[in-house]
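**Student:** Below you'll find the structure I mean.
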Amino acid sequence: MFRQEQPLAEGSFAPMGSLQPDAGNSSWNGTEAPGGGTRATPYSLQVTLTLVCLAGLLMLFTVFGNVLVIIAVFTSRALKAPQNLFLVSLASADILVATLVIPFSLANEVMGYWYFGKVWCEIYLALDVLFCTSSIVHLCAISLDRYWSITQAIEYNLKRTPRRIKAIIVTVWVISAVISFPPLISIEKKGAGGGQQPAEPSCKINDQKWYVISSSIGSFFAPCLIMILVYVRIYQIAKRRTRVPPSRRGPDACSAPPGGADRRPNGLGPERGAGTAGAEAEPLPTQLNGAPGEPAPTRPRDGDALDLEESSSSEHAERPQGPGKPERGPRAKGKTKASQVKPGDSLPRRGPGAAGPGASGSGQGEERAGGAKASRWRGRQNREKRFTFVLAVVIGVFVVCWFPFFFTYTLIAVGCPVPYQLFNFFFWFGYCNSSLNPVIYTIFNHDFRRAFKKILCRGDRKRIV
């Protein structure tokens with residue numbers, strides 16, 4: 001990613017980063033005093049300490065948050081869905097950024113020169129691009145996974161196995177490596193002509209136009225465009241499904257499977273255990289992103305854990321189903337469906353306000369079913385607003401963290417001057433995305449919050465499980 005300004009050997013590799021001599025630029029890289037005296041640092045002691053503290057907090061928060069994500073996925077029963085392996089791989093990339101990249105970037109920044117030699121300069125910058133690119137491509141893969149689970153519904157969810165998810169993750173890393181490593185493959189011949197003696201070596205970003213443009217497109221602009229288009233499409237589908245009430249929705253509106261059962265808004269099939277006909281076969285209220293709004297099955301569904309809103313959890317399985325929803329299983333033994341009551345019969349053992357003749361009972365049942373549909377309809381409208389906000393957070397944080405860096409990076413390559421301080425700020429601001437990913441993809445999810453409580457509050461573990 002970086003150009004070798006000062007030739008070190010005949011036939012050397014064109015590196016990702018350049019270990020170049022930089023004489024007389026004390027504001028950027030520091031200088032060496034005549035006679036081998038003390039090096040001048042680019043910042044005062046107070047500023048240096050502030051930068052070290054801020055970068056240290058960034059590294060700690062990134063490692064801590066992403067380690068929590070990995071532990072939660074592997075220890076929580078509610079997070080065993082195969083697609084959560086995306087979050088494990090994403091968290092691993094962010095941890096590697098915080099441990100193998102940021103410390104050396106910090107040292108280079110506060111010391112004013114590259115201390116660690118040419119070989120590690122190339123490795124460090126290759127890893128920098130690899131991990132940051134893989135983090136971005138992971139977000140893109142997650143958005144595509146959500147889109148396929150909506151548009152292909154049953155077919156994709158049947159194919160969404162751990163093996164398939166792992167194959168996609170490997171593909172993500174291969175794409176990131178292809179974007180990151182081409183300069184290490186090309187060999188650039190340079191003469192061994194004389195030049196000025198090295199003063200302060202520095203590891204700088206590659207300014208070769210072909211690589212800057214290609215890496216910027218592959219690392220940011222293309223994944224960003226894909227994410228935006230995919231999330232816009234997800235929002236359009238969710239909005240269309242909630243705009244039409246369930247009672248007016250045709251068989252093609254939600255791609256209902258045979259039998260008339262509606263699919264859940266996230267594209268999954270009907271709720272497990274719902275086997276009765278008519279109003280009783282209506283799926284339970286669900287949120288736009290696939291998480292249930294009221295009762296939830298004991299076993300987490302594939303589409304829930306990765307979603308960004310509230311999701312199912314085992315402690316909600318015993319929650320009452322509310323009016324208009326007959327209980328299923330053993331607890332429904334004493335209940336008689338209105339559709340089974342013959343004309344002239346009365347419902348057994350009902351209270352004073354219960355239905356009398358079969359026609360009245362059937363009418364009340366239909367009225368209760370209609371009220372339940374209206375309630376679900378209003379709930380979906382409210383959840384649409386929350387889902388829109390979550391999508392705005394996902395896309396907004398991604399763009400805000402990375403767009404300034406890649407935009408100025410491209411401007412420099414085409415010859416537009418950019419102040420070093422501004423570019424350096426954008427360079428560090430991009431690292432913040434690695435620490436924010438756990439917040440975006442976990443804090444909005446109820447199962448992750450409960451898993452974090454289980455991890456951090458061991459005394460309360462039995463109740464949380």
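Every residue number used here counts from 1 along the chain in the order it is shown.
Each residue, glycine too, has its Cβ placed from N, Cα and C.
Among the features that Swiss-Prot reports, topological domain 'Extracellular' is placed at 1-48, 112-121, 189-207, 415-424, with the record citing similarity to another entry. Under the heading transmembrane segment, Swiss-Prot lists 49-74, 86-111, 122-144, 165-188, 208-232, 390-414, 425-445. Per Swiss-Prot, topological domain 'Cytoplasmic' is recorded for 75-85, 145-164, 233-389, 446-465. Taken from Swiss-Prot, the feature site 'Implicated in catechol agonist binding' covers Ser215, Ser219. According to Swiss-Prot, the feature region 'Disordered' maps to 242-377. Marked as compositional bias 'Basic and acidic residues' by Swiss-Prot: 313-330. Per Swiss-Prot, the feature phosphoserine maps to Ser346. Summarising the annotation, Swiss-Prot assigns compositional bias 'Gly residues' to 353-364. Per Swiss-Prot, omega-N-methylarginine is recorded for Arg368, and the stated evidence type is similarity to another entry. Annotation source Swiss-Prot lists S-palmitoyl cysteine at Cys457, citing similarity to another entry.
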**Student:** Across the topological domain 'Cytoplasmic' (145-164), what are the DSSP residue counts per state (helix, strand, coil)?
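**Tutor:** When I sort the residues of the topological domain 'Cytoplasmic' (145-164) into the three classes, I find 16 helix, 0 strand, 4 coil.
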**Student:** Is the count of Cβ pairs under 8 Å between the transmembrane segment (86-111) and the transmembrane segment (425-445), pairs 6 or more apart in sequence, 3 or more?
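**Tutor:** The answer is yes, given that the two segments have at least 3 Cβ pairs within the 8 Å cut-off.
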**Student:** Fewest neighbouring Cβ atoms within 10 Å: which of the recorded positions Ser215, Ser219, Arg368, Cys457?
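**Tutor:** If we count Cβ atoms within 10 Å for the recorded positions Ser215, Ser219, Arg368, Cys457, the smallest count is at Cys457.
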**Student:** With pairs 6 or more apart in sequence, are the transmembrane segment (425-445) and the transmembrane segment (208-232) linked by at least 3 Cβ pairs under 8 Å?
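**Tutor:** Stretch pair does not touch.
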**Student:** Which range out of 49-74, 208-232, 390-414 gives the transmembrane segment (122-144) the most CB pairs under 8 Å?
**Tutor:** 208-232
**Student:** Determine, to the nearest whole angstrom, how far the Cα atom of the residue listed as 'omega-N-methylarginine' is from the Cα atom of Cys457 (S-palmitoyl cysteine).
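**Tutor:** Checking the Cα atoms of the residue listed as 'omega-N-methylarginine' and Cys457 (S-palmitoyl cysteine) gives a distance of 43 Å.
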**Student:** Across the topological domain 'Extracellular' (112-121), what are the DSSP residue counts per state (helix, strand, coil)?
**Tutor:** 5 helix, 0 strand, 5 coil
**Student:** Treating G and I as helix alongside H, and B as strand alongside E, what does DSSP give for the topological domain 'Extracellular' (415-424) in helix, strand and coil?
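**Tutor:** Across the topological domain 'Extracellular' (415-424), DSSP assigns the residues as follows: 5 helix, 0 strand, 5 coil.
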**Student:** DSSP three-state call for Ser219 (site 'Implicated in catechol agonist binding'): helix, strand or coil?
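**Tutor:** Its secondary structure by DSSP: helix.
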**Student:** Whole-number Å only: compute the distance from the Cα of Ser215 (site 'Implicated in catechol agonist binding') to the Cα of the residue listed as 'S-palmitoyl cysteine'.
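**Tutor:** Computed Cα spacing between Ser215 (site 'Implicated in catechol agonist binding') and the residue listed as 'S-palmitoyl cysteine' is 44 Å.
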**Student:** Using DSSP, tally how many residues of the topological domain 'Cytoplasmic' (75-85) sit in helix, strand and coil.
**Tutor:** 8 helix, 0 strand, 3 coil
**Student:** Any idea what the Cα distance is from Cys457 (S-palmitoyl cysteine) over to Ser219 (site 'Implicated in catechol agonist binding'), rounded to a whole Å?
**Tutor:** 39
